[in-house]
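Peer 1: I'd like to ask some things about the structure below.
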Amino acid sequence: MVLASGNSSSHPAFFILLGIPGLESFQFWIAFPFCAMYAVAIIGNITLLHVIRIDHTLHEPMYLFLAMLTITDLVLSSSTQPKMLAIFWFHAHEIEYHACLIQVFFIHAFSSVESGVLMAMALDRYVAICFPLQHSSILTPSVVTRLGAVVLLRGLLWVSPFCLMVSRMPFCQHQVIPQSYCEHMAVLKLVCADTSINRGYGLFVAFSVSGLDMIVISTSYVMILRAVLQLPSGEARLKAFGTCASHICVILALYIPALFSFLTHRFGHHVPQVVHILFANLYLLVPPMLNPIIYGVRTKQIRDRVTQGCCGKDL
């Protein structure tokens, strides 16, 4: 194997991504539904972003956060899917060392950003339902912008040490990653050194990012539930729940596969590898595909605007 020497470590010139071990003979056909889901994610998110951009009535906190979510989904899905399809269709298993670390950075940084945006959207729903008269004065455009900047910086700053620490460590002769993309824990398993600090930092980031976000989201919805149940009419309660339904669906679509992938990577030694890798792939593809569909179908303003565009009106 070819090794490149650095100041403090040696690393392989490239890694080998296997794709989905155990399903090699089916990967060519598996790529078709993956490609279809990726196409839906790209078209759906670009359409949603375009609608929010051109319709000034949608320049409210909820839709501005939604625009941030669509950009995050585009980056997150595009960081893995083109290479994955190249592996499945063209057997392009090699990935250059630095390209692998860049992929690690984008996957984890923008997963953190997506989680943070969902947290910000939960806060928006909390303010909108519990303090409706003060909503526009509390969540001003400048506050929304600052929240988005904090979420982005948190993802970039928290995840950057992953790549910096790994890049300064020596690698073993083994250069095969039994997945379809470069993920922090998978790359870490190829290091020939003590990785306890890296693993500890990974757990810290997971709990300080996703853990904190889930606590804020859960607390927000507990407060929302209390406020909604105190509304006098059933119609008002139903309308309030309806404004939160899309966001809850998006949260579940992200966190269920994410938690499964995270827990099985570290503790699920008895989970079949093929199941873990399939969930890891779907975790980065299903939420970006579902988010524009969920919001497009359930949000009347967006649905009407897209319908007008399809009919050739106003767009």
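From the backbone N, Cα and C atoms, a Cβ is placed for every residue, glycine too.
What TrEMBL shows for this protein is this:
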- 28-51: transmembrane segment (TRANSMEM)
- 44-295: domain 'G-protein coupled receptors family 1 profile' (DOMAIN)
- 63-81: transmembrane segment (TRANSMEM)
- 101-123: transmembrane segment (TRANSMEM)
- 143-160: transmembrane segment (TRANSMEM)
- 203-228: transmembrane segment (TRANSMEM)
- 240-262: transmembrane segment (TRANSMEM)
- 274-295: transmembrane segment (TRANSMEM)
Peer 1: Hey, does the transmembrane segment (101-123) touch the transmembrane segment (28-51), meaning at least 3 C-beta pairs closer than 8 angstroms, sequence gap 6 or more?
Peer 2: no
Peer 1: What else in the chain is close to the transmembrane segment (63-81), if you only count residues 6 or more beyond its ends and a Cβ gap under 8 Å?
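Peer 2: Distant Cβ neighbours of the transmembrane segment (63-81) are 34-35, 38, 41-42, 45-46, 48-49, 52-53, 103, 106-107, 110-111, 113-114, 117-118, 120-121, 124, 141, 144, 148, 151, 180-181, 250, 281, 284-285, 287-289, 291-292, 295, 301-302.
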Peer 1: Of the listed stretches 101-123, 143-160, 240-262, which one has the most C-beta pairs under 8 A with the transmembrane segment (203-228)?
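Peer 2: Counting Cβ pairs under 8 Å, the winner is 101-123.
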Peer 1: Could you pull out which residues elsewhere in the chain have a CB under 8 Å from any CB of the transmembrane segment (143-160), counting only those six or more residues past its ends?
Peer 2: 61, 64-65, 68, 105, 108-113, 116-117, 119-120, 123, 205, 208-209
